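Novice: Here's a structure for you.
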Amino acid sequence: MPSPRRSVEGRPLGVSASSSSSSSPGSPAHGGGGGGSRFEFQSLLSSRATGVDPTCARLRASESPVHRRGSFPLAAAGPSQAPPPPLPEEDRMDLNPSFLGIALRSLLAIDLWLSKKLGVCAGENSSWGSVRPLMKLLEISGHGIPWLLGTLYCLCRSDSWAGREVLMNLLFALLLDLLLVALIKGLVRRRRPAHNQMDMFVTLSVDKYSFPSGHATRAALMSRFILNHLVLAIPLRVLVVLWAFVLGLSRVMLGRHNVTDVVFGFFLGYMQYSIVDYCWLSPHNAPVLFLLWSQR
């Protein structure tokens, strides 16, 4: 008798439903396990047909972004975004300003506000506009050209060695003042206040800048020079100091300078006299200079 045809699983094709239901629960054909066995069998057949390992296929399916809870397949599929580059050093300093930077900005704001408040003679329509001609006359008294011309005239008319020595050093002080002020103005290049009127007396190219005040430096330099080398009565000495102070104040009232320009100008003029006193010219250390001048 020929053996019955068997299926691929090794069971006869004509097995009845009753024999399937009477099998043990652990058998592959039991209850709900029959569908899982058939699925695995079909997966095995398809994997053999395509040449893909079913285990790897299931792992790839489980690792797919679609099967992850709360995942976005488009965002995960794309390249990972690089972290933002760190801020440069200067930007970090702007975001975290130092105490010195805050103090300087506050001082600058106070300087601009105070200079605008004190500029009461900046124009004819200002609150003290009627005093403006007097302030402009005081401005000429502190200009460098009248001081240079007056020193040269007195030096030519002087007939004593002591007078020539003092006047020679006064000329040296004035030239040093013009040189230092022009150099600092060219380096700093701070613009004059916005309410200033450019109607100054004999201006040069560097005079469009504000820091420091040349009149303030010259006032401090000349007042200290006069007080140290001229014998004056006490009222005249007070008048010299008052002239220097009022000249510096007039620069702010006319709108020519800010307050800090004048304050630094006073300091610079005071230090300029110290330089002149240290480098004092005399017939002993500069005999050629005095000899050439005496022959004239």
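Even glycines carry a Cβ here, placed using N, Cα and C.
Nobody curates TrEMBL annotations by hand; they come from automatic prediction.
Here's the feature list from TrEMBL:
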type	residues	note
REGION	1-92	region 'Disordered'
COMPBIAS	16-28	compositional bias 'Low complexity'
DOMAIN	165-277	domain 'Phosphatidic acid phosphatase type 2/haloperoxidase'
TRANSMEM	166-188	transmembrane segment
TRANSMEM	225-250	transmembrane segment
TRANSMEM	270-293	transmembrane segment
Novice: What average pLDDT is reported by the model for the domain 'Phosphatidic acid phosphatase type 2/haloperoxidase' (165-277)?
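Specialist: Value for the domain 'Phosphatidic acid phosphatase type 2/haloperoxidase' (165-277), mean pLDDT as a whole number: 91.
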Novice: Tally of helix, strand and coil residues over the domain 'Phosphatidic acid phosphatase type 2/haloperoxidase' (165-277) according to DSSP?
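Specialist: The composition, in the requested order, is 83 helix, 2 strand, 28 coil.
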